[in-house]
Amino acid sequence: MESVRVRFAPSPTGFVHIGSLRTALYNYLFARKNQGKYILRVEDTDQSRFVEGAIEGMLKSMDWAGVSHNEGVVLEEETLKQQGQYGPYIQSERLPIYQEHITKLLEEGHAYHCFCSKERLDEVREKQKAAGETAKYDGHCRENPKEMVREKIEAGESYVIRLKLPENRDIEFNDIVRGKVTMNTGDLDDQVLIKSDGFPTYHFAVVVDDHLMEITHVIRGEEWLPSTPKHVYLYEVMGWQAPQYVHLPNILNTERKKLSKRQGDVAVGDFMRKGYLPEALVNYIALVGWSPEDNQEIFSMTELEENFSLERVSKSGGVFDVNKLNWINNHYIKESTADRIVDLAIPYLIEAGYVTEAEVGKKYDWLKDLVGVLKERLDYVADIVNHVDIFFKTAIEPKSDEAREILKEAHLPELLEAFLEKVEAAEVIDDAFGKKALKEIQKEKGFKGPKLFKPIRVALTGEEHGPDLPLIIKVLGKENLKSRIQYVKEHLI
């Protein structure tokens, strides 16, 4: 079997869509599973849509996600470089290569110059639509005499170069996900291969590059499926063997419509900025369109490499459910060390005004304890600012009717006084203090279960449910504990 070579070939036109990450990931996993090569090529032939810094941003996103490539465009010390023997790996640097191959197609009659104006093309499309026909090029320039073509070029007329598809012919190819696919050329357009600016279109460049870079499997989104017969035909007339095709299903929202920016986060950068962990996002996005053989849901990258197969990729769209992503991300947050999460959380706490940069050093251990208390509740790291308020206020108000009712219980004054005595007598509020104090109160006063824990929790946090009470007690510390109990005694009971 030939050595597997796959590529991820993004266009530098803006942010990295979550679907692009999945495409890159599937290419990466397939290469790893088959001891192959995973290449990153930049497709920048549409110069009108080029966004400065997009290549660098995309490479940083892939590096963050751990989807690393063996060959192609890399970022070293903020500088774009290329590595590998099949370069250049940036399409705008390959124009002479495309020129060589388009010349061959023209000479052999498989392509032709088209001088039609935009106005004429628009008029043709409008007439076709009005007649209920498929809008496509009408072949007006297909049979222009060579002498006419030469004269128009010499006169400086603008032109594109189109693929000359045969008429009424079925083109077949096999797709690993979809099986046998057949399309008739009567339903296809004479695709533009070279634009008026001299740059190739995607359809021409991708075939030339995939062949010259010896790509064995083209794994890409299903939006390219209708164009694939043109690519297969190009391989045929160029005398090349086509790669194996794999067209991935769309990523859908929970309403089963195509995921779009208007409905929420869709860029990898959105999830990075919120503090999603890379291993969680990769784990989740792998499952959007691919089904493992069992019901396992948590996968390390190594486990994905071992278990992934293209044969288990679905034909139908995969639903992106942010609640499921949050569940997986919360799993990884809980499994992470407090050191890791606190380092990620500090910028969000600073931005929200809970601590200053100057305070971080002396409060670091306390912040780590705080994260230890809260990390089980976090959907993503930035979510910490929605849970820390109770640890920074001097006075806490009950947050629900149930909490207010708990503060009316008859035994509350005696319970709070007993707890306050334990706090005042303690030399240090450490890991052991909370459990020890509660156990002693239970023994001395006879309060136990909800009658013991809930009133103290509400007095300290305003909530009847939450993280482990002894951990809350430790994080609040002696002075906060005293002030909060005192506030409840004076103002709430």
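Here the Cβ of each residue, glycine as well, is placed from N, Cα and C on the backbone.
These features come from Swiss-Prot:
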{"type": "MOTIF", "residues": "10-20", "note": "motif ''HIGH' region'"}
{"type": "BINDING", "residues": "Cys114, Cys116, Cys141, Glu143", "note": "Zn(2+) binding site"}
{"type": "MOTIF", "residues": "258-262", "note": "motif ''KMSKS' region'"}
{"type": "BINDING", "residues": "Lys261", "note": "ATP binding site"}
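Confidence for the motif ''HIGH' region' (10-20), expressed as mean pLDDT, is 91. In the three-state DSSP assignment, the secondary structure recorded for Cys114 (Zn(2+) binding site) is strand.
By neighbour count, meaning other C-beta atoms within 10 Å, the densest spot among the binding-site residues Cys114, Cys116, Cys141 is Cys114. Annotated Zn(2+) site Cys114, Cys116, Cys141, Glu143; additional same-chain residues within 8 Å of its Cβ mean position, judged by their own Cβ, are Tyr112, His113, Phe115, Gly139, His140, Arg142, Asn144, Arg162.
Within 10 Å of the C-beta of Glu143 (Zn(2+) binding site) there are 8 other C-beta atoms, taking all protein chains into account. Under DSSP, the residues of the motif ''HIGH' region' (10-20) split into helix, strand and coil as follows: 3 helix, 1 strand, 7 coil.
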